[in-house]
């Protein structure tokens, strides 16, 4: 089986998300080290010259991810906010999202013209998912270094996210992961929901993910 890299792969047509009130809030989740922060950084760089954007990151006890984005120059520092959840990462994005909802309100207050607001969750397990109050569109990031069995393990992030990103495809030969197996299992687990293979380090797939966000979120291209 051949695998298409850097293109959104779908099994069928999907409805377009209605345009939200205020900025489109894009929730980005996934296990520790899968590439969530790298995706946020690349998306910010790709969109910052054409769209009004900002980013909120979640960590348990630090603001490491927001500091990384600031050091990397992804956005003006005022447009990057770190949230210390102080507990289980998925609680702050699902069961009690109040700390993140407050951060969203703060960011909108700073920048009333925001079009897209990225909300990165802390690294979590396959059961993590965003509250619909917090995120309009959800992206779940996994990587091939965890093995080609990950898509078939399921979980809400893999089966229900609006877009599944399978990252670090360059490592597949080094860890013995078969991308064709991941392709097959992702199609089986997700049905019509799309997914994409990426190498964010080399920026493969970044434009396609950005285009997906704008299109599905009803944001001007």
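Using N, Cα and C of the backbone, Cβ positions are placed for all residues, glycine too.
Because TrEMBL annotations are produced automatically, they should be read as predictions rather than curated entries.
Residues or ranges marked as region 'Disordered' by TrEMBL: 1-22. Positions annotated as domain 'CobW/HypB/UreG nucleotide-binding' by TrEMBL: 26-196. Taken from TrEMBL, the feature GTP binding site applies to 30, 31, 32, 33, 34, 35, 36, 37.
Shown in sequence order, 57, 65, 68, 69, 120 are the residues of the chain, 6+ apart in sequence, with a C-beta less than 8 angstroms from the C-beta of residue 37 (GTP binding site). Of all Cβ atoms in the shown protein chains, 19 besides its own fall within 10 Å of the Cβ of residue 31 (GTP binding site). A sphere of 10 angstroms centred on the C-beta of residue 36 (GTP binding site) encloses 28 other C-beta atoms. In the three-state DSSP assignment, the secondary structure recorded for residue 30 (GTP binding site) is coil. A sphere of 10 angstroms centred on the C-beta of residue 30 (GTP binding site) encloses 27 other C-beta atoms. Ranking the binding-site residues 32, 33, 34, 35 by how many other Cβ atoms lie within 10 angstroms of each Cβ puts 32 at the bottom. The average per-residue pLDDT of the prediction over the domain 'CobW/HypB/UreG nucleotide-binding' (26-196) is 95, rounded to a whole number.
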